[in-house]
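Participant: I am attaching a structure below and will ask some questions about it afterwards.
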Ligand code: MRU
């Protein structure tokens, strides 16, 4: 990849600042977990897998800051670090998956001295990042097989290299099809209010010379109706046991329109995005973000002062609208309840 989303280097966490793309390609350095928590909350890093990696790296930084003389004291403080990181964004389950994995690794090594545990936590965070890249490539390989030669593909938000360790989930499918020599074209929804599609998806696809056309969100339906879209693929922030999927606000509308127009609608996500404890999508917490994201575009006010605003950052697409869920272990379709459980060996 021609950019690095997140990286551990010299005991610092380095992240490309996604709030400044595409105008500026700036890398921020974080030396403490509070900084990483702020970066997640402020969307310097965003996208479910990427915030899972950031949270894990935040825990590794936090572990270095803890002063303790026993494992129990160390672990209590590590739990506090995880609580701070866990309060940043509620919807993407990968964040909590990353935190739980780091706590489990600490507990598994409780007999070791604290410095060894700190090193093990650092190594774990680095390997979560490396694994994510490999997982995205597998998602890309499975998904590419579903894409027909010459397909026009619609995607929403950014489920790309910027939302993962690299390569992406939905954009992994697109990259996989492109690398397989299929002559694909992408339509990127701009994705109001934060403009992940316009600012990030368009930027990273252009960098890779993958043909991309930007549309505003309200154009997707008409393009589908007039036969200009063949395939839809999006990422996910949390997938419930029955296949209901939370993803960026606007995904539900895309899915309903795709069904109405008989266009396949796929979700691409790693297994770490499954939350099989939740029976259905009604139980997924939906983040509500600041009203300013709606009343302003790139700092310019576009609405009357004092107007009431809603800003749910995600919606839930019922499983019946989803043609299939593309994971690193293969594509699941039909009876999600049974198939998703089988995927994780339950
Ligand atoms: O608010 P964001 O930008 O973090 O939302 C991101 C999305 O909704 C992505 O589609 C999702 O996290 C999948 S990323 C591979």
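Cβ atoms here come from the backbone N, Cα and C positions, even for glycine.
Sharing the feature lines straight out of TrEMBL:
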ACT_SITE  237  active site, proton donor
BINDING   46, 47, 48, 89, 196, 247, 248  substrate binding site
SITE      157  site 'Transition state stabilizer'
Participant: Where residue 48 (substrate binding site) and residue 157 (site 'Transition state stabilizer') are concerned, what is their Cα separation in Å, rounded?
Facilitator: 12
Participant: Give the subset of the recorded positions 46, 89, 237, 247 lying near ligand 1, defined as CB under 6 A from any of its atoms.
Facilitator: 46, 237, 247
Participant: Give the distance between the Cα atoms of residue 248 (substrate binding site) and residue 157 (site 'Transition state stabilizer'), rounded to the nearest whole Å.
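Facilitator: Cα-Cα distance, residue 248 (substrate binding site) to residue 157 (site 'Transition state stabilizer'): 6 Å.
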Participant: Given a separation of at least six residues and a C-beta threshold under 8 Å, show me what packs close to residue 247 (substrate binding site) in the same chain.
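Facilitator: In sequence order, the residues whose Cβ lies under 8 Å from that of residue 247 (substrate binding site) (at least 6 apart) are 156, 157, 159, 234, 235, 236, 237, 267, 314, 315, 317.
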Participant: Within 8 Å of the centroid of the Cβ atoms of 46, 47, 48, 89, 196, 247, 248, which other residues of that chain place their own Cβ, given that this set defines the recorded substrate site?
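Facilitator: After dropping the recorded site residues, what remains is 51, 92, 157, 158, 159, 163, 235, 237, 313, 314.
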Participant: Just checking, which of 46, 89, 248 (binding-site residues) has the fewest C-beta atoms within 10 Å of its C-beta?
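Facilitator: Relative to the other binding-site residues in 46, 89, 248, 89 has the fewest Cβ atoms within 10 Å.
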Participant: My understanding is the cutoff is Cβ-Cβ under 8 Å with a sequence separation of 6 or more in the same chain; which residues meet that for residue 47 (substrate binding site)?
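Facilitator: In sequence order, the residues whose Cβ lies under 8 Å from that of residue 47 (substrate binding site) (at least 6 apart) are 92, 158, 159, 160, 162, 163, 164, 235.
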Participant: For residue 248 (substrate binding site), what is the secondary structure state per DSSP, taken as helix, strand or coil?
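Facilitator: In the DSSP reduction, residue 248 (substrate binding site) maps to strand.
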Participant: Pairwise over 46, 47, 48, 89, 196, 247, 248, annotated as binding substrate, what's the top Cα to Cα distance to the nearest Å?
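Facilitator: For the residues that bind substrate, the greatest Cα distance is 17 Å.
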Participant: Can you count the other CB atoms that lie within 10 A of the CB of residue 48 (substrate binding site)?
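Facilitator: That number is 27.
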